[in-house]
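The following features are taken from TrEMBL:
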- Thr168: active site, nucleophile (ACT_SITE)
- Arg196, Val197, Gly198, Asp199, Thr219, Gly220, His221, Gly222: substrate binding site (BINDING)
Amino acid sequence: GRMKPVIVVHGGAGRIFKEREEGSRAGVVRAALRGYGVLKQGGSALDAVEEAVRSMEDDPHFNAGCGSVLNEKGEVEMDAIIMDGKNLDSGAVSAVKCIANPIKLARLVMEKTKHMLLTDRGAQLFAQAMGIPETPGEKLVTERSRERWKKNLEPDSNPEEFQKDLGTVGAVAIDSEGNVACATSTGGLSNKLIGRVGDTACIGSGGYADNHSGATSTTGHGESIMKVVLARLILYHMEQGMSPEMAADTALDYMKTRVGGLGGVIVVSNSGEWAARFSTKQMSWATVKDDQLHFGIYAGEKHTKSVDEALRSESEGF
């Protein structure tokens with residue numbers, strides 16, 4: 001069957017500071033347009049979500065790839081996952097350093113190994129074997145991440161305060177063949193312990209994709225997301241007959257009442273319905289369906305443009 005392709009992306013749930021709003025909006029819109037471009041040319045959902053996430057990893061506005069937050073020692077350690085809804089194949093990496101695009105490495109883990117998750121040193125050796133160039137750690141560190149790290153080191157600081165400003169990035173898509181996929185990538189929590197791995201690299205928590213129901217990518221407080229296996233929980237609700245929006249709200253509500261965790265999710269169903277929902281103050285998101293682009297940051301905010309118009313302003317720079 002010929003499905004109408006759909007892509008949905010998020011740039012992280014939490015608190016988006018005023019001066020970063022424009023950049024976050026522009027970044028998710030760019031990512032959605034890139035992913036949609038792949039789908040329009042007949043590309044796979046897998047290629048589309050990888051492309052969309054790569055675009056946000058390269059954008060310093062987001063806590064993934066370049067722009068990732070720093071751990072307690074002032075280093076960048078990143079997690080990423082990608083999943084194919086056709087056969088439930090998945091690849092993930094955790095605590096990786098010195099590579100520009102962890103999502104690319106996750107894809108290679110899925111396609112070139114018999115494993116699903118490689119961590120830290122092993123992931124690094126695998127990246128070398130795959131010929132992925134090393135990016136000097138400091139190339140990934142932005143002025144803002146370093147400032148934030150220093151602030152959090154002050155004796156009277158409350159890193160929890162800053163951790164509301166989370167910026168995991170993710171994408172979900174359905175292609176013209178009706179296959180779904182998800183991808184998620186993050187720098188994790190600011191000032192986290194060395195070796196801390198959150199929900200992103202964990203299948204069923206940071207993301208899940210199954211052609212039988214749909215695909216979802218999550219963002220928010222990683223430990224809470226892991227406790228309720230949020231991505232899989234949403235698809236479970238959809239399997240019980242809920243719409244993507246209802247399933248997302250129900251799962252987010254459960255996470256909030258059960259473990260006090262806040263977050264956000266993007267969802268696409270195997271029939272091409274989509275949702276972008278969050279329990280945090282904000283989440284940057286964008287989606288393209290039927291050549292219409294929708295995007296927003298605040299609850300209830302939804303801008304709409306035609307893809308042609310969006311691509312025009314894209315080429316002129318925002």
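First residue shown is number 1, and so on along the chain.
Placement of Cβ uses the backbone N, Cα and C atoms for every residue, glycine included.
Just so you know, TrEMBL annotations never went through curation; they're auto-generated.
A quick note: this is a predicted structure, and the numbers were derived from the prediction, not measured.
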Extent of the substrate binding site in Å [max Cα distance among Arg196, Val197, Gly198, Asp199, Thr219, Gly220, His221, Gly222]: 16
Determine the minimum-neighbour residue: among Gly198, Gly220, Gly222, listed as binding-site residues, which Cβ has the fewest other Cβ atoms within 10 angstroms? Gly198
Go through Arg196, His221, our binding-site residues, and report the one whose Cβ sees the most other Cβ atoms within 10 Å. His221
Spatial neighbours of Asp199 (substrate binding site) that are distant in sequence (at least 6 apart) but have CB under 8 A: Ser205, Gly206, Thr218, Gly222, Glu223, Ile225, Met226, Leu230
Have a look at the binding-site residues Arg196, Val197, Gly220 and say which one has the shortest Cα distance to Thr168 (active site, nucleophile). Gly220
